[in-house]
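Features of the protein shown, as given by TrEMBL:
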BINDING   Ser458, Arg463, Ser626, Asp670  L-glutamate binding site
DISULFID  Cys684-Cys738  disulfide bond
DOMAIN    385-735  domain 'Ionotropic glutamate receptor C-terminal'
DOMAIN    394-447  domain 'Ionotropic glutamate receptor L-glutamate and glycine-binding'
SITE      Leu602  site 'Crucial to convey clamshell closure to channel opening'
SITE      Lys632  site 'Interaction with the cone snail toxin Con-ikot-ikot'
TRANSMEM  494-517  transmembrane segment
TRANSMEM  538-557  transmembrane segment
TRANSMEM  569-594  transmembrane segment
Amino acid sequence: ARDPGSLARWLCGALVVRGVAAVLALPRSRRELLQLDFLAAALQIPFLSLLDTRGPLPFRAQSPFHFHMERQSSLETLVDVLASVLQANDWQETNLVLCHPWDVAGFLGLWARRSQLFLRTILDLGYLDEPGATSHLRQHGERFRTLSSPVLVLGCDLRRARLIFQAVEESGLAPQEFHWMLGSPLSAGELQTEGLPLGLLAYGEVSRPPLELFVQDAVELVSRAIASAARVRPDLALLQTMVNCNDRRRAGGESSGLFLSRFMANTSFHGRTGTIRVENATLVRPEQQFRVWSLRRDSRGEPTWVTVGTWQRGNLELEEGAWQSHRQRASPGEGPRVKLRVVTLVEHPFVFTREVDEDGSCPAGQLCLDPGTNDSAVLDALFEELGAENGSVPRAYKKCCYGYCIDLLEKLAEDMPFDFELYIVGDGKYGAWKNGRWTGLVGDLLSGTAHMAVTSFSINSARSKVIDFTSPFFSTSLGILVRTKDTASPIGAFMWPLHWTMWVGIFVALHMTALFLTLYEWKSPYGMTPHGRNRMKIFSYSSALNLCYAILFGRTVSSKTPKCCTGRFLMNLWAIFCLLVLSSYTANLAAVMVGDKTFEELSGIHDPKLHHPSQGFRFGTVWESSAEEYIKKSFPEMHEYMRRYNVPTTPAGVTMLKTEPPKLNAFIMDKSLLDYEVSIDSDCKLLTVGKPFAIEGYGIGLPQNSPLTSNISEFISRYKSAGFIDLLHDKWYKMVPCGKRVFAVTE
């Protein structure tokens, strides 16, 4: 055995001076880890320790040169898994029974840093052997009566866990009265059922790779770091700066080992064991996957372990249907259902409101509150008062909510099942990042004021980063709404069907035809002239004009007709020309007089009128909506111009379109909302124009990592397949005569 100093000098001569860039070690105890930590600091080259211990080994490297990769789950990972499972059950606190001789204070500090859950009671059995633990449990069995559910059994094997369950029974309690969870990971082969209570939760790592694959990933980590460092400073990355073990001082700059350590600390890749990343500068974390099991009865009544969830990359994915039944296992009968607080926003036809009856009830629809605030304390007080037998909530706060989304919410509550409290968002906004915080529906979900947001809630990238959405139940796009304008026809409106050049050409042709008719008649020996055969009547230029005007306007008047063949042929040509002109004029006149209502012709979002608006052309959208977010992101200059014309709600924008004179020339919003406004417009003055753009969908919003997201998405998919969503659309989108105009497109 060598002392640390002589060992460091021997390794320096054997490794460092010969150009070794990094060392891979396989320690098996905390003592060996401490020795490697000292050697890494003394030699100033990276050491990568691959831990292969049976259980988690709390250790934090003190040297920036010492990296360690754990095959077993670290305490940090175990706390993350346990916290995810507890939060999925909506448990905010837990009791702890500790069976492993860990530092309790250190573990509590780690729990506080990694979890927001409160530890109420700690029963520490870690420093007792099995007989001592049995005696301690018998002497202090009454302590179990003070425990509340759930109870987390951490660091206990199944043998020690059975002792705890036996002690609970001896104290006069049934283990099934508590929610138990084994806090130490188990393999699938270690799962047993004898002596364990139904409903017990356990978890374990799935398909842990062999040691050889971890070694390959460790070597690849060093190789990638050396390659990255060589591209920056090949002299430091490829050549050792220490050449004399007795004189390790180096003038100026950093050592090659420290230079390589910095690159190792910033290296991540997808290796043979999964995604490899370095945390806290020295901790190498391979990707780990855990299964969560629950002890149930099978179809024959025998206890068996059932998978209820999978934990990976910090997220717990729940099995459809299994998790909810676990949450309700303590009340197999008609126990109380989960109650959720749902926030909504009034947007026709998805959510309507009307006043409550005189007795404060809603014969149709759902009773909802409209307190005009998002203060959680105020809402708690109002709903508590509403649920009280003699509660007195101000009548002005009570509304009856109904519509497309309310029908969908009622269907979900019936099928999942759950109860809900419904209120209208205080600021009347969908939600956007403003003044350092999220507003509207998104803000209520993030603050915990609401568990769910149900309305025409558009799914976009900004919102999806902070909250979860279910699969979309309604697909739509953005559209442009305009209003037709009634115009009083001027006295010269009859001239509109033909261009002014056409009118000039017609009357020039008329006078030229009359002139040639006169000339032909006077040059003919048979004409009605003083020199012709019939001298009693004379065909003059005025006679020709009278004839041409009579033919043009289709009026029968007393007129003289030419006698010569050439004149009569020309007269028939003029009649045919007049017939064509009158037919075209009549058709165009009908179109002009019927279409005396004009509207703004916009081809879509790329129309020049929107990007280069002329003086007086005004258009807007709804504040903090997905439409405004899209325009702000895609067309910043357009958004800067239209900001002054934006409105708080869709009905407000429609009203500004219909005022006299109109305050808006165009209104941009979700096409599903605009189509409904067009269909209910009794004056038939509204229509959507242009090509649809920015395809989007409406989803139900929930807090991130909510256990309800996957279940609700599954039910929405079932509703689509069963035709329930189509029935909702047919119910709330009833077309009236003006409804056919919602598809008008101008090119």
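Heads up, the Cβ atoms here are built off N, Cα and C, so glycines get one too.
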In three-state DSSP terms, the structure that Leu602 (site 'Crucial to convey clamshell closure to channel opening') belongs to: coil
Among the L-glutamate-binding set Ser458, Arg463, Ser626, Asp670, as the record gives it, the longest Cα-Cα distance in Å: 17
Helix, strand and coil totals (DSSP H, G, I; E, B; other) for the domain 'Ionotropic glutamate receptor L-glutamate and glycine-binding' (394-447): 23 helix, 15 strand, 16 coil
Cβ within 8 Å of the mean position of the Cβ atoms of Ser458, Arg463, Ser626, Asp670: remaining residues of the chain near L-glutamate: Tyr430, Ser456, Phe457, Ile459, Asn460, Ser625, Ala627, Glu629, Glu696, Tyr698
Asp670 (L-glutamate binding site) CB neighbourhood, other CB atoms within 10 A: 26
Among Leu602, Cys684, which are recorded positions, the residue with the most C-beta atoms within 10 angstroms of its C-beta: Leu602
Local backbone state of Lys632 (site 'Interaction with the cone snail toxin Con-ikot-ikot'), from DSSP in three classes: helix
Integer Å distance between the CA atoms belonging to Ser458 (L-glutamate binding site) and Leu602 (site 'Crucial to convey clamshell closure to channel opening'): 24
Lowest local Cβ density (other Cβ within 10 Å) among recorded positions: Arg463, Lys632: Lys632
Asp670 (L-glutamate binding site) and Cys684 (disulfide bond), distance between Cα atoms, whole Å: 20
